[in-house]
Amino acid sequence: MKVIGLADSELESSLRKAGIGMSASEARSIASILGRDPTLAELFCYDAMWSEHCSYKSSRAVLREFLPTEGPNVVLGPVEDAGIVSIDDEWCVVISHESHNHPSQILPNEGAATGIGGIVRDVNCMGARVVATADPLRFGDPYGRESSRVRWVAEGVVDGIWQYGNALGVPVIAGDVVFSRCFDYNCLVNVVAIGVVRRDEIIRSRAPPGSGEKGYDVILIGKPTDSSGLGGVIFASDTLREEEEEANRGAVQIPDPFLKNVLFKANEDLFRLVREKGVEIGFKDLGGGGLTCASSEMGAAGGYGMEIDLDRLHVAGEFPPEVLCIAETQERFLIIAPRELRERILKIYNEDWDLPNVYEGARASVIGRVTTHDRYIVRHRGEEVVNVPIKHLTGGIRYERVWRPRIRNLVEPDVRMPEDLNRVMLDMLASPNIASREHIYRYYDTEVQGNTVIRPGEADAGLLAPIRERDFGIALSVDSNPFYGRISPYWGGATAVAEAMRNVAAIGATPSTLTDCLNFGNPEKPEAFWEFRESVRGLADAARNLWLKGHPNQPVPIVSGNVSFYNESPEGAVDPSPVIACVGIMRDISRAITMSLKEAGDGLYLLGPRFDELGGSEYYRLIWGVTGANVPVVRFPLERSMIYTVIDAVDREILRAAHDISNGGMAITAAEMCMLSDHGISIDISDLGDMRSDKLLFSESSGFVVEVADGAEQEFVSIARSYDLNPVRLGSVSTGDIEMARDGKMLVRLDPEEAREAWSSGLREAMR
């Protein structure tokens, strides 16, 4: 394709007509390296590999500057498809975190389903058994001007997740959902998957050492390649425009969970074969960027070149080479294996698991080889259509983006004290951002595989016991608050980390690792890039300062993640949304607790003082229609002490329930502990300071409300004080109403059934 000698305007026009999204300067850079005009197929390959989605060209420098990715428990950091941390000397947990935002806004069902499909492949290709997923979701205002579209998107996304996940047989054990007008035109569908693998059975997503010298085979398995998902990574690296919606539908992939299920079982046989033979293979899923991305990255990661013959692909029709290279057809993996295993591998997929009869055209095919040269070469019908330096293709391009603080001029509102706090409580319990998520997770098979210990909605984190002969469990939580990010991207990032860790601690698990999915607007806009940079700085500071328990001054490592830019439309960008997942390890699952109250007469304690921090709170936004300015901040030593106190108290079996304080503040936290129990509460906030009662009740400063077993209160206070905390006894669990008093005056008295009805119906009504 002509590049050299064209004026910028001519070149840009030529690129767009060909369906290529790169800039004229990027095309010129490619031509300069090659010393010639690139072929059309080469430009398509570079367009995918140099996209924001694949290359991290705007974000990589910031991530490297700030994020802590190493720690004493890290086995594999964020260099391949998933991160790995140790559980003990034998077992490891594998985790990956991705986004599928743009596809889910255009085709909600297919977009969400393929998001789940892609993330479980990322974990499986490390040799792991996939044991759970999580789904942090962000939708527009269900009562706003785009309510019909918002509800259509939300319903489609939930359907896509449960239809794919249930058919695949992987439980959803965690997730959250936030509704805000800023997501009207850009929903966020982030997905997390975790798996388990023995340390000595980990498989890497790279060409193994010696594979180039020995000419290892490259084997493609799964669905026949078609044109579905073509340009998906380019589509994900641009701003959504309503007038282009129909044209973008082709960039959304088509899922097939039943084929995926068979592939996972066949992969187990592959892993068994590899162990028996004592050989190392490379294994990688085909996601964004398709065949070109998977094959070139595997070759480059191993320090080798790659030769691919497109005529040997199993395909679903006639397609030009550029389509075969970058189409994002789902349910595919790539294997790099010794030639002597070729026939055994082909037999596993084509005969033992009979892929051609599971899905028309599906199979395993040898499509190329690893080489010792440094080129990425693709042939089609006997001709070279791609011949480029492999490290140049995979190395991407880097931009030093300009950043400039966004000035919002936010102020604290002067609101009056509500006359009827009962009404305020009921309205907040019914808010779509607080109400029970049962309307969503009732569709999910949360107990498939039989490993689930704590299901979604029962506690702040999900918990499963994936290894039957072991006592340990794996906890998972996901968190982010875009309303905090709107006020302060830095504290939005820090609070997301802190809350994710609190949620894991609330069941008694010890935070072990973090992942991030960073959802922001256009990085070419200085204010948007500043928001991104500040959020990363905030979450990194929290990870560094909250520490791995038992390892002072060691950060909680961030081992996997994703950056999703261009989450904006002509109406504007989404609020800064760094979504954090936290994995925790529970050494003895029999000691885990939930959030529901257990015994009348038990003491209720508050950990964490209340501050005048209602900026971005549900109280300000829902009741008064304002944002505020005093966003919750993370006081790192205090936060660390609260988390450690709860973990130790659960381990000593003196806590019966715990719930972290976040959306809605202490009052909503305490009321939610009644929702799944037959108990009420009687608490008094007289000893909490001089702030006005509504601020004490609804401030979203971090903390916990915990139920302490009768007779164990002194021991609990002793644990807390060992961490320099002064827990406050709020009151006790009762058999009556939800009561909150101050200085002899009853502030709140709610019938638990009335409160439960508001809480259980809020999300159902919003999505009706």
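For all residues, glycine too, the Cβ spot is worked out from N, Cα and C.
Summarising the annotation, Swiss-Prot assigns active site to His53. Look at Swiss-Prot and you will find Tyr56, Asp516, Gly561 tagged as ATP binding site, backed by sequence analysis. Summarising the annotation, Swiss-Prot assigns Mg(2+) 1 binding site to Glu98, Asn562 and lists sequence analysis as the type of evidence. Under the heading substrate binding site, Swiss-Prot lists Ser99, His100, Asn101, His102, Arg121, Gln253, Glu328, Thr329, Gln330, Ser564, citing sequence analysis as support. If you look up Swiss-Prot, you'll see His100 marked as active site, proton acceptor. Residues annotated as Mg(2+) 2 binding site in Swiss-Prot, with sequence analysis given as evidence: Asp122, Asp285.
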Protein Cβ atoms within 10 Å of Arg121 (substrate binding site), excluding its own: 27
Pairwise Cα distance for Asn101 (substrate binding site)/the residue listed as 'active site' [Å, integer]: 12
Candidate recorded positions Glu98, Ser99, His100, pick with smallest Cα gap to Asp285 (Mg(2+) 2 binding site): Glu98
Cβ-based neighbourhood (8 Å from the centroid) of the ATP site, residues Tyr56, Asp516, Gly561 excluded: Ser59, Leu63, Leu67, Pro78, His97, Cys517, Leu518, Ile558, Ser560, Asn562, Val563
From Glu98, His100, Asp122, the recorded positions whose CA lies within 10 Å of that of Tyr56 (ATP binding site): none
Winner by Cβ contact number (other Cβ atoms within 10 Å) across the binding-site residues Asp285, Glu328: Glu328
Coarse DSSP state, helix versus strand versus coil, of Asp516 (ATP binding site): strand
From recorded positions His53, Asp122, Asp516, Gly561, Asn562, the one whose Cα lies nearest Ser99 (substrate binding site): Asn562
Inter-residue Cα distance where the pair is His100 (active site, proton acceptor) and Arg121 (substrate binding site), in Å: 14
Cβ neighbours of Gln330 (substrate binding site) where a neighbour is any other Cβ within 10 Å: 25
Assigned conformation of Glu98 (Mg(2+) 1 binding site) - DSSP reduced to three states: strand
Of His53, Glu98, Asp122, Asp516, i.e. the recorded positions, those within 10 Å of Glu328 (substrate binding site) when Cα atoms are compared: none
Fewest other Cβ within 10 angstroms of its own Cβ, chosen from the binding-site residues Ser99, Asn101, Asn562: Asn562
Alpha-carbon distance [Gly561 (ATP binding site); Asp122 (Mg(2+) 2 binding site)] in Å: 12
Pairwise Cα distance for Glu98 (Mg(2+) 1 binding site)/Gly561 (ATP binding site) [Å, integer]: 6
Of the recorded positions listed as His53, His100, Gln330, Asn562, the one whose CA lies nearest the CA of Asp516 (ATP binding site): Asn562
